[in-house]
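> Attaching a single structure in structure tokens format; questions to follow.
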Amino acid sequence: GVGFKAGVKDYRLTYYTPEYKTKDTDILAAFRMTPQPGVPAEEAGAAVAAESSTGTWTTVWTDGLTSLDRYKGRCYDIEPVAGEENQYIAYVAYPLDLFEEGSVTNMLTSIVGDVFGFKALRALXXEDLRIPPAYSKTFLGPPHGIQVERDKLNKYGRPLLGCTIKPKLGLSAKNYGRAVYECLRGGLDFTKDDENVNSQPFMRWRDRFLFVAEALFKSQAETGEIKGHYLNATAGTCEEMMKRAVFARELGVPIVMHDYLTGGFTANTSLAFYCRDNGLLLHIHRAMHAVIDRQKDHGMHFRVLAKALRMSGGDHIHAGTVVGKLEGEREVTLGFVDLLRDDYIEKDRSRGIYFTQDWVSMPGVFPVASGGIHVWHMPALTEIFGDDSVLQFGGGTLGHPWGNAPGAVANRVALEACVQARNEGRDLAREGNEIIREASK
């Protein structure tokens, strides 16, 4: 007989290994699978493990030149999803050697690059990844992290306040700087470029950077507080992005910004390295995330994108608001907020956390609550997010009937009132509106 047998093979034989004991160095993934009708869950789970690691659809003679057992992904557990008739969570373990060190890009290409178009599946969603210390230690992570940022800004014991400058498109650089100044002068810690403000005909990046820097230093001198504006360095090429970051450093501003999903992880990691080497903080916006994470049964959950960002590097990242959404959503949001800022996060399925994650002292990222929030949400936000967060009010500041500065004052006063009330032991959930009403006098 021939030693090599060609043909299409059953994935289950090689890639479904329920007896496998996961290694401390394995990268683990939890996938929410919806197989096509008639495809058994084990076959689907094995197919996911195969297609995202060493497998191909047929036996090839070159398989004999390597040790599949050493390099293959393994589906080691499958559980049905409660309340869904044909949906399963498949757990896959990947050997560490499948991944390039320090490359989020390669990690994602391997795990989610190919398998999502797989015919035997109707839908697939990466719910969570367990990043082992052996891999996370090959990343430098956030340029500075929560603690260092507080020290640089000299702001402690409260959330930080931000505001996106609106109208996001159409202001001249001079007027844009003016709006920045008003907000910072009124009491905000940060203002922000909108994610789609890059370098358009009505306002070129260099002009904006210059006038914003002027606004920063003026408001800083007048308030005696350190101020920042997230200067968006996102650009069409990595070289252009770096040029903008370098100019920001030359101006002496404290922080720049990047759209990490549209800009890409490779660009983001380069920028994070530059920021670390040059003392710039890095604010990350998640434009495009909903394209990837909005559908429950297909795509990638935001907690995976959040973990990837913490590895790639960023000091702040947008993380939703929680206010006014469903209870369950609140728990899940708090789950990935903790994954961003804590050192050690226990597995907790009620919060959507499928694996215990140990970051081994990789710096944490400030979660940014932003989008449709205003001063009356302040008690809830303070309670939900705690001190280590950035609360961002766009229209909630600039929409103030008296203008930007009074809007900023209102937000700062409300925040200080909520923090004080909490520290005095009052119940923010119950007395929130009363606290704001008193403060507004």
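Count begins at 1; order follows the chain as displayed.
Glycine residues also receive a Cβ, built from the backbone N, Cα and C atoms like all the rest.
The structure displayed is predicted, hence computed values, not measured ones.
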> Of the candidates S219, S350, S361, S370, which does Swiss-Prot annotate as part of the substrate site that also includes T164, K168, R286, H318?
S370
> Note down the number of other Cβ atoms within 10 Å of the Cβ of T164 (substrate binding site), including every protein chain shown.
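So the Cβ neighbour count for T164 (substrate binding site) comes to 24.
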> Want to know which recorded positions, from K166, K192, D194, E195, are within 10 Å of R286 (substrate binding site) at Cα; which are they?
E195
> Could you check which of these recorded positions, K166, K192, D194, E195, H285, sit within 10 Å of H318 (substrate binding site), going Cα to Cα?
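Neighbours among recorded positions, in sequence order: H285.
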> Out of the recorded positions K192, D194, E195, H285, give me the one sitting nearest to K168 (substrate binding site) by CA distance.
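Closest by Cα distance to K168 (substrate binding site) among the recorded positions K192, D194, E195, H285: D194.
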